[in-house]
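Going by Swiss-Prot, these are the annotated features:
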type: BINDING; residues: His24, His150, Ala373; note: anthocyanidin binding site
type: ACT_SITE; residues: His24; note: active site, proton acceptor
type: ACT_SITE; residues: Asp119; note: active site, charge relay
type: BINDING; residues: Thr280, Ala333, His350, Asn354, Ser355, Glu358; note: UDP-beta-L-rhamnose binding site
Amino acid sequence: MTKFSEPIRDSHVAVLAFFPVGAHAGPLLAVTRRLAAASPSTIFSFFNTARSNASLFSSDHPENIKVHDVSDGVPEGTMLGNPLEMVELFLEAAPRIFRSEIAAAEIEVGKKVTCMLTDAFFWFAADIAAELNATWVAFWAGGANSLCAHLYTDLIRETIGLKDVSMEETLGFIPGMENYRVKDIPEEVVFEDLDSVFPKALYQMSLALPRASAVFISSFEELEPTLNYNLRSKLKRFLNIAPLTLLSSTSEKEMRDPHGCFAWMGKRSAASVAYISFGTVMEPPPEELVAIAQGLESSKVPFVWSLKEKNMVHLPKGFLDRTREQGIVVPWAPQVELLKHEAMGVNVTHCGWNSVLESVSAGVPMIGRPILADNRLNGRAVEVVWKVGVMMDNGVFTKEGFEKCLNDVFVHDDGKTMKANAKKLKEKLQEDFSMKGSSLENFKILLDEIVKV
């Protein structure tokens, strides 16, 4: 890692993680670790729920990262029906919880907080930072496309609301969004009531982010250049900070691989394997899991399927026995490392930003089935903007539809084009990390913004 000169400062950074979605807290911690290593005299107080912290801090961390467990905001005895309910309860309680915990951390550390480094969802951090006379730096856990959609919420609602718009109509009135359609935008941006908890929080975020000293995302400059330019016109400072894990390699001996995925992959030919995973929040419904299994079995494509144990009951009877030589189904897999394996041929994904970025960094094409939030925007980028993958017809898995997508990638000429385009994006990412690229300079700018007093 490039060494930066250590500033002589007495900084205390409060890091506020968004726990209900692991795709948010993990990348924020990764950046925090990198910042802590670059500025060892700065204290980073990392606030997150006990359960989330337990999974994130399973290994050692720098001494200047102080871990603080906070309440999840769910009243004792409350029965939750879906993940969104947990998100809403947490967002409602978060301002009170964080104010109290930050005050306690200041006493414990003996330093006033000088910077708030938070998930962008926490719009109220702008007010807390002002109260503390601290700077606010926000992390958006998605791509430039979804951030742009949120920052243009008012214009999108005004423009679409003025006419009987087709869901297929493109967003040509927003620079950089010309290839995206109305149907790709998250519902909370366009259609949902802004008085309900989650859409209201996201709308308040869109109004608050221009107050932040800096906003950064996990990405690299050449992935969405026009959108980057657009966002720099809306925000005080906008930075792409590509995670180091995308380029670093882990030896098989060092890797956590409890189910032997790497050993299995080592027996397969180059670019032949389909990897299937849909993140940590939601899986496709049972009938689609059946369709995936049927499509895999019929296609004969080798596969590694990361599927939660509770959902394995939905697999067709006898599927695991019949496909024992063809593939493996495991409750967890080392996704980042597997995607880099030479045998990997395609990533079958929900198109969450982290998954998309991991595929891009590995030069692996994608088959997408968007599920929620920014997934449709990312899927559109994969299929139409970057041309590195294909989406499921009508956004759902069917046996025939999945087989067609597998053939598109592994058999037809379209697959060769996807692979070539994916390779080009991988090379652009590698160049971005070189001395000629912007990643190191952007990280230095972020570091200076966060540790200044």
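First residue shown is number 1, and so on along the chain.
Any Cβ shown, glycine's included, is placed from N, Cα and C.
Feature annotations (Swiss-Prot) mapped to structure.
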residue	record	Cβ contacts under 8 Å, 6 or more apart
His24	anthocyanidin binding site	Ala17, Phe18, Asp119, Phe121, Ala141
His150	anthocyanidin binding site	Val189, Leu202, Met205, Ser206
Ala333	UDP-beta-L-rhamnose binding site	Asp257, His259, Cys261, Tyr275, Ser277, Val304, Ser306
His350	UDP-beta-L-rhamnose binding site	Phe278, Gly279, Met282, Gly368, Arg369, Pro370, Ile371, Asn375
Ser355	UDP-beta-L-rhamnose binding site	Ser277, Gly279, Gln335, Asn347, Thr349
Glu358	UDP-beta-L-rhamnose binding site	Leu246, Gln335, Val336, Leu339, Asn347
Ala373	anthocyanidin binding site	Gly142, Ser146, Pro186, Gly352
Entry from the binding-site residues list Thr280, Asn354 having the most other CB atoms no farther than 10 A: Asn354
Any further residue of that chain within 8 Å (Cβ to the Cβ centroid of His24, His150, Ala373) of the recorded anthocyanidin site: Ala120, Phe121, Trp140, Ala141, Gly142, Ser146, Pro186, Leu202, Asp374
Binding residues His24, His150, Ala373 (anthocyanidin) - maximum C-alpha distance in whole Å: 17
All-chain count of other Cβ atoms within 10 Å of Asp119 (active site, charge relay): 22
